[in-house]
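Some features that TrEMBL has for this protein:
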- 9-68: domain 'Homologous-pairing protein 2 winged helix' (DOMAIN)
- 81-145: coiled coil (COILED)
- 149-205: domain 'Leucine zipper with capping helix' (DOMAIN)
Amino acid sequence: MPRLLVAPGILLRYLQEQNRPYSAQDVFGNLQREHGLGKAAVVKALEQLAQQGKIKEKMYGKQKIYFADQDQFDMVSDADLQSLDTKIVALTAKVQSLQQSCRHMEAELKELTSALTTPEMQKEIQELKKECAGYRERLKNIKAATNHVTPEEKEQVYRERQKYCKEWRKRKRMATELSDAILEGYPKSKKQFFEEVGIETDEDYNVKLPDP
């Protein structure tokens, strides 16, 4: 059966079931995937239903709005409205409860998905055992070595290093001050003076005085 002939029935049933206003674009977007209706077919069918008086049509600015004829629906009493409000509240609470339950299950699923499987866990245990065995062997070799440095010996080395660096810094300062004083009256350059006297600097040997 051609879609143009099927469209009016589908649209009429949809507007009556939803019972709310829609533009032609809204109806097309909501039904296109399920029924495969083209936009032109939807527009033509809505106009046809409106002309036949089966649905209502109103203009809002430059856009037409379509909705079911309200005369076909029974009058709803205040008691019925209150009953519907009660059902809405109950259903809303149920939806919120289900959403919360879904969030909990999603969190649990995420946790389970990120967890290691049994084969992965067994493989990791084997790798950790191998790593621990390597550390034990290394520790055994260290303990068996005879060239350990005691804390006292280490401290002595640090003190001597500090002493010699201090003396190095002191002598370098004295040599610099002395050479600067001589250079004030020396007719040649500093480089020529060092070459004639035979002075060798730290920089000549790419040596740097350690930080204090």
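The backbone N, Cα and C atoms fix where each Cβ goes, glycine too.
Break the domain 'Homologous-pairing protein 2 winged helix' (9-68) down by DSSP state and the numbers are 35 helix, 14 strand, 11 coil. Secondary structure counts, DSSP: the domain 'Leucine zipper with capping helix' (149-205) has 44 helix, 0 strand, 13 coil.
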